[in-house]
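Engineer: Have a look at this one before I ask anything.
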Amino acid sequence: MAKERGLISPEDFVQLQKYMEYSTQKVSDVLKLFEDGEMAKYLQGDAIGYEGFEQFLKLYLEVDDVPSRLSLALFQSFHSGQCLNETILKVADVVCLSDVSCYFSLLEGGRPEDKLEFTFKLYDTDRNGILDSSEVEKIILQMMRVAEYLDWDVSELRPILQEMMKEIDYDGSGSVSLAEWVRAGATTVPLLVLLGLEMTLKDDGQHMWRPKRFPRPVYCNLCELSIGLGKQGLKCNLCKYTVHDHCAMKAMPCEVSTYAKSRKDIGVQSHVWVRGGCESGRCDRCQKKIRIYHSLTGLHCVWCHLEIHDDCLRTMGPECDCGLLREHILPPSSIYPSVLATGQERKQIKINQKSMDDLNVSTSEALRIEPVPNTHPLLVFVNPKSGGKQGQRVLWKFQYILNPRQVFNLLTDGPEPGLRFFRDVPDSRILVCGGDGTVGWILESIDKANLPVVPPVAVLPLGTGNDLARCLRWGGGYEGQNLAKILKDLEMSKVVHIDRWSVEVIPQQSEEKSDPVPFQIINNYFSIGVDASIAHRFHIMREKYPEKFNSRMKNKLWYFEFATSESIFSTCKKLEESLTVEICGKPLDLSNLSLEGIAVLNIPSMHGGSNLWGDAKRPHGDTCGINQALGSTAKVITDPDILKTCVPDLSDKRLEVVGLEGAIEMGQIYTRLKSAGRRLAKCSEITIHTTKTLPMQIDGEPWMQSPCTIKITHKNQMPMLMGPPPRSSNFFGFLG
C-alpha cells in the first residue's frame with residue numbers, strides 16, 4: 001500500500017542516513033548522468049520510474065544492492081501522482097526527478113530554512129500554498145510515528161502536538177502558511193526533528209563501543225564467559241557493558257537513557273543498574289568485597305557510580321542523587337523534549353528566542369534543560385587530536401562520568417551545538433580539553449554566540465605549551481590523572497576575568513608577500529623577532545613531519561635545536577632599527593638597546609611555562625606595595641624602578657612589554673637559567689610600525705609578515721576558572 005507523500009518511516013530514514021555517511025557521491029554528479037549520460041534512458045520527461053529510481057539510489061549511495069524495502073519506501077514517499085510536467089500526470093508509477101534530487105541535496109547539508117520549505121511543499125499535497133486541517137493532521141501523524149521511534153511516551157503527546165500546531169497558526173486563520181511554518185521551525189518548534197529529518201535524538205538504547213584490552217579477568221555481559229586475560233573485547237563508553245567482539249551484535253540495548261521521554265520522568269532521577277563493571281571491588285553499601293569468581297558479579301549505577309552486591313540491591317532506594325559528581329552532572333531527568341514543555345514554558349522559549357535573532361539561528365534545539373537546583377552543570381568540549389591519544393581517552397571517560405549529552409567532540413560537532421544547547425542553562429560552567437589553540441577557538445565561539453550570561457571556562461591542558469592553563473593553575477599537561485578528582489578541584493575554583501586583546505595588522509604598500517595572520521585576538525601573547533623566528537621554524541617542521549613532534553619532550557629538544565641555529569645566524573639582529581613602538585600614543589625609546597625580539601604579554605607564560613616578565617621584587621621597606629599601587633593607576637609605565645615591582649595581572653586591562661636580546665637569552669629563560677627578559681613597559685594600547693618582513697606570532701601561531709602597522713587594543717574580558725592553590729607539600733601542611 002502506498003504511503004502518504006513524505007511519510008517515510010523513521011527506521012527507513014535512519015537506514016538511509018547510514019548509507020549516506022559512507023557515500024562520496026554528490027547529487028549534482030548523479031543528475032548529470034541522468035540528464036546527458038548513461039542514465040538518460042530512464043528519464044520520462046521530468047520523471048523517472050521505479051527502475052530509474054533504483055539506479056539513482058545505487059549510484060548516489062554507491063551500493064550494488066539497495067534493500068528493496070528501503071528502495072520501495074523511498075519511491076512511495078515521493079509518489080503523489082503530481083509533477084511539474086502535466087503530461088506525466090496520467091502516469092501512476094513515476095516520481096519527479098527534481099523532487100528526488102532536491103530531497104537528497106537537502107540531506108547532504110542544506111540549510112534548515114531550505115529543509116523547512118521543502119517539507120512544507122511535501123505536505124502541501126494540493127499545492128495551494130497553505131496547510132489545511134487535513135494536511136496538518138498528516139503532519140501530526142508523522143510526528144507521532146517519529147516520537148514512537150524515539151521511545152517517547154506518545155499517550156501524552158497528541159494533545160501537545162495539536163496545541164503546538166495551533167500556535168504555529170500565528171494569524172488565527174485556521175491554516176498554516178509557508179511563512180508561518182518557516183518562522184516556527186526556525187525559532188521555537190523543532191519541526192525537523194519531530195518530522196524525522198534530523199534524527200539527532202536516536203542515540204539512547206545504542207551502545208557506544210570501543211575496543212579495549214583487559215589486564216585482569218573480565219566476563220562478557222552477554223554470554224558470561226571469560227573474555228580472556230590480555231584479550232581484546234568491546235566496552236560501552238556509556239554503561240560499561242562489556243562483550244566479546246562476536247557478541248556485540250546480540251547485546252542487549254544500552255540501559256543509559258540520556259533524557260526524559262515523558263513528563264512523569266522529568267525532575268526525579270532513578271538508579272540505572274548494570275551488571276558487572278565493579279572496578280573498585282568493594283560494595284558501597286555494606287563495605288565488603290565484591291568477589292569476582294568465574295562469572296559476572298555485582299552491580300554498578302551508571303549515574304552515581306555506586307557499586308554494590310546483588311544482595312544489597314533491595315536495601316537501595318530507587319532515587320539516584322548522581323553521587324559525588326552531582327555538582328556537574330545533568331541527569332536525564334533534567335533534559336526533556338522541548339515539545340513536552342508546558343504552555344507557559346513554551347511562551348518563555350519564544351521570548352528567549354527573540355533575543356537570538358541576530359545570531360542567524362535557523363533551528364531551535366529539540367531538547368530543553370532544567371538543571372537540578374544548586375548545581376553547576378558542566379559543558380565539556382574535547383579535542384580528540386590534542387595530546388596524542390589522550391584527547392580520545394578523555395572524551396571516552398567524560399562520556400561515562402557525565403551525561404554524554406554534556407560532552408562534545410570538537411572534531412565532529414564544533415563548539416556551536418554545545419553553546420546553543422547550554423545557552424539558557426543557569427550557573428553552568430565550561431571545561432575545554434585541549435591546547436591553547438583549542439581554548440582560543442572556544443573563547444572566540446563564545447564571543448560570536450552572544451550568550452545572555454557567559455559561563456566561566458576551565459581548561460584541561462592537552463596541548464604542547466598549555467600556557468593559559470598554567471597561569472590558571474590547571475597544570476602544564478594532563479598525564480592521565482583521575483578526572484573525578486579534577487572535577488572536584490573545579491568545584492573549589494574561583495572566577496577571574498582575563499583580558500583579551502584585538503590585534504589589527506595593516507600591510508603597507510609592498511611587493512613582499514605575507515603569510516595569513518592566524519588570529520585577530522590575543523589571549524596569551526604577541527611577539528616579533530627571535531622567539532617568533534624559532535617558533536616559525538618549529539611550526540614548518542612540525543607541519544612537514546608531524547610524527548617527530550608527538551611528545552612534549554621531543555618538542556623541547558626540537559625547540560633547543562632551532563634556538564641554537566637562530567643564535568648562530570641571528571636573523572633578527574638589531575630589531576630596533578626595523579620597527580618603532582608606540583604605547584598609548586607615546587614613542588617607546590629603544591635607541592640604547594640591542595634587541596632581537598619584542599614580546600607583548602597578556603599572561604606571564606610563554607612556550608610552555610617561560611616567564612619573560614619574571615618575578616616582581618618589592619624594594620626594601622615597601623611593605624605596603626606603594627610602588628605596585630602607583631603602577632596600578634598609571635596608564636603607561638616605563639620607569640624601570642616601578643616596572644621592577646609591577647606584578648602581571650590577568651585582569652588589569654594592560655599588557656607587559658618585554659625586550660629580548662637574542663636566542664641564547666631565550667634558551668636561558670626557557671631552561672630557567674635566567675629569570676626574565678628586559679622589562680620595557682606596561683600599557684593599555686600598543687602600535688608597532690615595521691619596515692621589513694619579520695617573523696611574528698600570536699599565542700604560539702607564527703607567520704612571516706611584510707612591512708605593516710600593528711594595532712593592539714583591549715577587546716573584552718572573559719570569565720575563566722582559576723584552579724585551587726596547590727596543596728602544601730610540607731609534612732604538617734601548616735607552613736609555606
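Cβ coordinates are placed from backbone N, Cα and C, and glycine is handled just like the others.
Dumping what TrEMBL says about this protein:
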DOMAIN    111-146  domain 'EF-hand'
DOMAIN    156-191  domain 'EF-hand'
DOMAIN    206-254  domain 'Phorbol-ester/DAG-type'
DOMAIN    270-320  domain 'Phorbol-ester/DAG-type'
DOMAIN    373-507  domain 'DAGKc'
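Where in this structure would I find these features, and how exposed are they?
Structural biologist: Helix, strand and coil content of the domain 'EF-hand' (111-146), in residues and according to DSSP, is 26 helix, 2 strand, 8 coil.
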Engineer: Between the stretches 111-146, 206-254, 270-320, which wins on the count of C-beta pairs under 8 angstroms to the domain 'DAGKc' (373-507)?
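Structural biologist: Of the candidates 111-146, 206-254, 270-320, 206-254 scores highest.
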Engineer: Please count the residues of the domain 'Phorbol-ester/DAG-type' (270-320) that DSSP assigns to helix (H, G, I), strand (E, B) and coil.
Structural biologist: 6 helix, 12 strand, 33 coil
Engineer: What counts of helix, strand and coil residues does DSSP assign across the domain 'EF-hand' (156-191)?
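Structural biologist: Per DSSP, the residues of the domain 'EF-hand' (156-191) fall into 24 helix, 2 strand, 10 coil.
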